[in-house]
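**Student:** Submitted below is the structure of interest, expressed as structure tokens.
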Amino acid sequence: MATSSVPESESDSSCVGSDYAEIIVLRHGETAWNADGRIQGHLDVELNDAGRQQAAVVGDRLSKEPKISLVYSSDLARAYETAQIIAARCGGIKVVTDVDLRERHLGDLQGLVFRDTAKLNPKAHQAFVSRETCQEIPGGGESRDQLHQRCTSSVQRIGNKHKGERVVLVSHGGFIRTLYKEASPDGRSVAKVLNTSVNIIHVYEDGKWTIKSWGDVSHLNQTGYLQSGFGGDEKSG
């Protein structure tokens, strides 16, 4: 896909052009496993109280911004509950779940505390930290190439369906870091995606993506939940 970045001067515009979709990409709120440093992957873990508070605060923020047409969400509980809270705060917008918006499947590492993975399952750990993008993780885990294909195709599909509209997409740290790398003009990675950070991309039908803004957590500054939680970086799950 062709990519470029949007100049800062355009980042405050509330207008959405007819030739692209504005997708507000959010990581789910915090879970108890985030707080413990435990890898989730496709395992279904609910939000904790901090995560519900984060979702409510970002929902309040979005309710004051230009109209949102629809909320898309991973079907995993931590994302879906985040999406439901946001939708309720924004006047009861419909939430549509999509399995393609799930976190990367991390195979035999799922359920383990990250710092223990090298000792408890060295083979899966080595696969996870490998720089080979085609390396799958034992136990049914996805390679980074497989994750990339799933992420980009699902977001392009959503973008094509919503040209001229703003939609919210609630997903996971590994998924969102993949989107950033795809949309970044130089293909670089982002260090970390915080819980309920606001990341906005424009998706054009011809496959061009642009980043409007990234990593905005200004809504969390007064909550005490800004830096809480594990994941959203290269150890994400």
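The backbone N, Cα and C atoms fix where each Cβ goes, and this holds for glycine too.
No curator has checked TrEMBL annotations; they are predicted automatically.
Straight from TrEMBL, here's the annotation block:
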type: BINDING; residues: Arg27, His28, Gly29, Glu30, Thr31, Ala32, Trp33, Asn34, Arg78; note: substrate binding site
type: ACT_SITE; residues: His28; note: active site, tele-phosphohistidine intermediate
type: ACT_SITE; residues: Glu103; note: active site, proton donor/acceptor
**Student:** Expressed to the nearest Å, what is the distance separating Gly29 (substrate binding site) and Glu103 (active site, proton donor/acceptor) at their Cα atoms?
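**Tutor:** One finds 14 Å between the Cα atoms of these residues.
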**Student:** Fill in the CA-CA distance, the residue listed as 'active site, tele-phosphohistidine intermediate' to Arg78 (substrate binding site), as an integer in Å.
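**Tutor:** If we compare the Cα positions of the residue listed as 'active site, tele-phosphohistidine intermediate' and Arg78 (substrate binding site), the gap is 6 Å.
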**Student:** Roughly how wide, in whole Å, is the group Arg27, His28, Gly29, Glu30, Thr31, Ala32, Trp33, Asn34, Arg78 that binds substrate, by largest Cα to Cα distance?
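**Tutor:** Site span for substrate, by Cα atoms: 15 Å.
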**Student:** Can you give me the same-chain residues 6 or more apart in sequence from Arg78 (substrate binding site) with a CB-CB distance under 8 Å?
**Tutor:** His28, Gly29, Thr31, Gln40, Asp44, Val45, Glu46, Leu47, Gly51, His172
**Student:** Do you know offhand how many angstrom separate Trp33 (substrate binding site) and Glu103 (active site, proton donor/acceptor) by C-alpha?
**Tutor:** 14
